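A.B. asks: Pulled the feature table from Swiss-Prot, pasting it below:
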REGION    23-121  region 'Disordered'
COMPBIAS  41-53  compositional bias 'Polar residues'
COMPBIAS  73-83  compositional bias 'Acidic residues'
COMPBIAS  84-93  compositional bias 'Low complexity'
COMPBIAS  97-113  compositional bias 'Basic residues'
BINDING   224, 334  substrate binding site
BINDING   244, 255, 454  divalent metal cation 1 binding site
BINDING   255, 326, 359, 454  divalent metal cation 2 binding site
């Protein structure tokens with residue numbers, strides 16, 4: 001039975017009882033209250049149908065079960081709103097008083113996103129996916145009490161990452177349920193970034209919030225595209241979009257990315273599967289004392305075992321060999337080591353306590369990217385304190401950058417949120433002086449398709465934690 005039919009039946013029932021029993025006006029109102037009560041119960045039942053999409057499925061210890069029960073606090077539930085509106089409509093129609101009927105609104109109320117801290121008041125956030133280290137030489141770490149003790153000394157650091165990861169899971173869940181073809185890139189970026197701001201309870205601060213500009217690269221554009229103000233680009237049904245989201249808490253950056261497609265014929269399935277499996281392989285191979293070359297070789301073997309058919313032609317899926325995973329430092333997204341996605345001979349080892357972004361890119365094109373297009377991504381270079389800004393305007397802009405972003409990456413839209421206007425000339429001066437680094441979009445050949453998946457991993461002394469893992473990828 002539909003909701004509308006149920007309401008009508010409820011109204012008829014109330015009126016019939018009122019006629020039979022000759023109820024007074026206040027009795028009628030009491031009956032209506034009971035009806036409202038039943039409708040509210042129905043609303044509650046509908047709301048409880050939501051699952052915990054933001055949590056990590058693999059962990060079923062008591063702490064995580066306690067924490068994960070709060071994940072639905074701010075989920076939108078349109079059906080809840082429909083039922084609540086219906087209950088209110090019954091209340092108006094069932095009254096014996098001659099009241100002017102209120103026009104029903106078709107707008108559905110959306111629950112306001114609230115800080116993640118309200119869901120986890122004790123400050124303990126869900127852990128990621130735990131994986132054993134593969135090397136036999138590391139087996140002693142799993143049982144060593146000393147190793148576990150050393151790990152506990154960094155609990156605050158790990159909780160910062162876990163908080164950022166939980167925000168990331170919620171933001172990407174909202175993005176996946178909301179993004180549709182026809183939206184502009186500006187609309188998509190605002191949706192994602194405003195969600196981060198709401199969950200983190202921060203706008204542009206060095207305490208928590210956006211870790212880097214939201215990447216929304218389409219098709220042959222592999223990375224480093226986010227819209228500048230005035231960009232009219234819209235998402236098309238046949239576009240393959242890489243969504244790269246960064247969230248930081250006290251400078252601990254969670255860097256995780258996924259690829260979205262809206263084409264219903266499954267033509268992108270092969271490249272999506274190839275890149276997702278390649279990233280999972282990189283995560284599996286990573287660990288303390290593992291050589292970076294060995295990770296790249298394993299990723300390459302998986303990625304290049306796939307091919308993709310487009311318009312009757314078969315294309316091998318290639319690793320984009322000049323894109324890599326990377327070390328993550330406090331407030332520094334690319335810190336020191338790079339994790340190749342092809343065998344490159346790098347014998348450098350991963351070390352205990354390090355944090356890495358394991359990301360892979362697959363392409364139907366050349367498997368090599370070059371900078372092209374209008375720049376939107378920027379970051380302050382380190383060790384530039386001795387360089388004098390070339391003008392007063394450049395000095396003013398540098399102060400704005402340092403106070404709002406530090407060494408975190410940012411984009412033009414973020415500058416404008418701080419109140420900066422007519423800043424492009426000063427910005428270019430800072431770039432030319434080497435104080436600020438620009439990161440233009442990087443692209444493979446036109447007509448090709450690229451995909452990306454990425455996770456942040458923490459190398460604990462005894463195990464590795466895939467902190468950004470979720471039910472989705």
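Just so it is clear, glycine is given a Cβ too, placed from its N, Cα and C backbone atoms.
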A.B. asks: Just to confirm: which same-chain residues, 6+ apart in sequence, have a Cβ under 8 Å from the Cβ of residue 359 (divalent metal cation 2 binding site)?
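C.D. replies: Same-chain residues close to residue 359 (divalent metal cation 2 binding site) (Cβ under 8 Å, separated by 6 or more) are 255, 257, 279, 282, 323, 324, 325, 326, 341, 452, 453, 454, 455.
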A.B. asks: Do any residues at least six apart in sequence from residue 334 (substrate binding site), in the same chain, have a Cβ closer than 8 Å to its Cβ, and if so which, in order?
C.D. replies: 326, 327, 328
A.B. asks: Select the most exposed residue of 224, 326, where exposure means the fewest other Cβ atoms within 10 Å, treating these as the binding-site residues.
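C.D. replies: Least crowded of the binding-site residues 224, 326, by Cβ count within 10 Å, is 326.
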A.B. asks: Under DSSP, is residue 224 (substrate binding site) helix, strand or coil?
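C.D. replies: The three-state answer is coil.
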A.B. asks: Provide, as an integer number of angstrom, the distance between the C-alpha atoms of residue 224 (substrate binding site) and residue 244 (divalent metal cation 1 binding site).
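C.D. replies: Cα to Cα, residue 224 (substrate binding site) and residue 244 (divalent metal cation 1 binding site) are separated by 9 Å.
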